[in-house]
Amino acid sequence: VSMELTATNHSIPLSDGNRMPLIGLGTYGDPITTPKGATREAVKLAIEVGYRHFDGALVYFNEHEVGQAIREKIADGTVKREDIFYCGKLWNTFHPPELVRTALKKTLKTLQLDYVDLYIVELPTAFKPGDSFYPQDENGKYLYHTTDLCATWEALEACKDAGLVKSLGVSNFNKRQLELILNKPGLKHKPVSNQVECHPYFTQPKLLEFCRQNNIVIVGYSPLGTSRDASWVNLKCPPLLEDEVLKSVAKKYSKTTAQVCLRFNVQRGVVVIPKSFTSARIKENFDCGKLGIYICNEWADHPEYPFHEEY
């Protein structure tokens, strides 16, 4: 089904009966360099533009601004709470089952909301629980902690049953880690999504296929490419948005390279959450053409295909 992107129709069904908007706004900003209030203004503008999906986390240290923006746009009548899809994340120091609900309640208190729409395990690895989000030894090495992902998942299921969260998912999980949850004896609620890095330089075909077979939606972070950090990026590769092939496709369709990158994933049924605090880019990212929207369990029937003429 191809259709114009609007605030009301750009969502896909999740395996638990809920829906997730295909395009969201990532809200991570460096806590040191991001000006106070920038997140709040970005989220308010995004809601006015038509975004309904917001991706945040306790460790972004700005959930209070995201929550304030959402509440202000509810108060002025622009949206109702049920129109908004908010994804929060369980941080690495809260994996022990007895800490899971505490962490979720911290997020709810910071947002000043009664529930989140999606709550995901941010990473399959755990840090030592305690006051620090990034616990380190005297040599600056991170202090890891044994994690039982199945026990953590059961604690998340209890949070869903208590009405604190509508849907449960994971992030940065590989096939084996997903199978741990999917094959868990007595599984009550399946993970509906897996948030991973995904863009034209890193297309995740095998993971995408596995997730399709299991009705798990892939949410692609860094859909416009990652930051140019030499510790994990080969700086000899051109930045994604300067890639010649992508630039030529953008020129052909009178779009920007960013819009082509987003459209590439959306056509494959991958949800995208580009982060921007710049008003022009917030608007541009939302306007990436007609969408080919595939229903979860039908995705496997659609071969990967390039851009069509009817952009």
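Any Cβ shown, glycine's included, is placed from N, Cα and C.
Automatic prediction, not curation, is the source of TrEMBL annotations.
Listed features, source TrEMBL:
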{"type": "ACT_SITE", "residues": "Tyr60", "note": "active site, proton donor"}
{"type": "BINDING", "residues": "His145", "note": "substrate binding site"}
{"type": "DOMAIN", "residues": "23-289", "note": "domain 'NADP-dependent oxidoreductase'"}
{"type": "SITE", "residues": "Lys89", "note": "site 'Lowers pKa of active site Tyr'"}
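Mean pLDDT across the domain 'NADP-dependent oxidoreductase' (23-289) comes to 95 in this model. Counting other CB atoms no more than 10 Å from each candidate's CB, the recorded positions Lys89, His145 peak at Lys89.
Note on the residue listed as 'active site, proton donor': other Cβ atoms within 10 Å of its Cβ, all shown chains, come to 20.
Here Tyr60 (active site, proton donor) is positioned 10 angstrom away from Lys89 (site 'Lowers pKa of active site Tyr'), judged by their C-alpha atoms. Recorded residues the residue listed as 'active site, proton donor' and His145 (substrate binding site) have their alpha carbons 21 Å apart, per Cα-Cα distance.
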